[in-house]
Amino acid sequence: MRVLGVESSCDETGLAIYDSAQGLMAHALHSQVATHAEYGGVVPELASRDHVRRVVPLTRRVLAEAGCRLRDIDAVAYTRGPGLVGALMVGAGMARSLAWGLGVPALGVHHMEAHLLAPMLEPNPPAFPFVALLVSGGHTLLVQVAGVGRYRVLGETLDDAAGEAFDKTAKLLGLPYPGGPELEKLAESGDPGRYRFPRPMTDRPGLDFSFSGLKTRVLQTVQQSREADRADIAAAFQSAVVDTLVIKCRRALRATGSQRLVISGGVGANGLLREQMRAMADQAGASLHYPRLALCTDNGAMVAYTGWCRLSEGQHDDLDFSVTARWPLADLTPPGQPV
């Protein structure tokens, strides 16, 4: 089965073709960073308009790279949610129209499920079951994954997501959008030991997260510091977030008895996080799995693969379609089971 994947949940337009026999044949991504930079964040209307401009050219591009034609596509998968409704509608409308025109099945997939399954596209994918940390600008979740659609949320953020905390802290430090990567760069020249920020909710049992208090502490520190202190503040903040994520993942491995840990989502590209998670996993005797850097952020490849996982079991949508801004991961069911 050859599946075209369409991702348009926020500010990146992603297209990809996944083949069950050949694997990932092609993927292409357009980031809207330049479009939103002057506003300091994503403007939903601008995001939707840019998806409209990009989705067809990117489709042509992946078809050319894969060396196939539209009639070679057996199914189309698209991101149904969660995300920005207008942006989701662009991808969903294109995908459903194309599927209808080709006479092939279509399926709307869950954005977070696609992130969870992204490491399956790597040469050494994790076997089920595993524990996954999904850490991005919009989500921070610890999930026990028994199989496709078989998820148990172990912990989640009670307020800001880790990526959101990175972006907001970067803004406090006067860094340009997108803030997360810029903060990581600044932190490289800083001393993380100069400031001691809290490791939120690590002093009590449980696997939930909270980053709003840490953000407030950083704000207070910035207000009392000089411009020359910014790198040290960035390094101390990054260290606090990474320590928190590592501690919670260690707890999750112990609580579940799992020997496999998956890190996915945009924050999973952070170098310090990868380094510290590797050290912790080695100490715990667990294998550590990431998607390649290009597949940490939103992309069409993970959508195409997730669509294939479900479509190959006979699941598909009817002609009516909807998108959803909010869609709890716990609402998903395994392929073949009623929703």
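Using N, Cα and C of the backbone, Cβ positions are placed for all residues, glycine too.
The record from Swiss-Prot ties L134, V135, S136, G137, G138, G180, N270 to substrate, and of the options D159, D160, D167 it ties D167 to that site too.
In the record from Swiss-Prot, residues H111, H115 bind Fe cation; the candidate from D298, D317, D318, D320 listed for the same site is D298.
Annotation for G138 (substrate binding site): same-chain Cβ neighbours under 8 Å, separated by at least 6 residues, are C10, P82, A161, G163, E164. Working note on the binding-site residues H111, H115: by count of other C-beta atoms within 10 Å of each C-beta, H115 ranks first. Comparing G180 (substrate binding site) with D298 (Fe cation binding site), their Cα atoms are 15 Å apart once rounded. Recorded residues V135 (substrate binding site) and H115 (Fe cation binding site) have their alpha carbons 9 Å apart, per Cα-Cα distance. Ranking the binding-site residues H111, H115, D298 by Cα distance from L134 (substrate binding site) puts H115 first.
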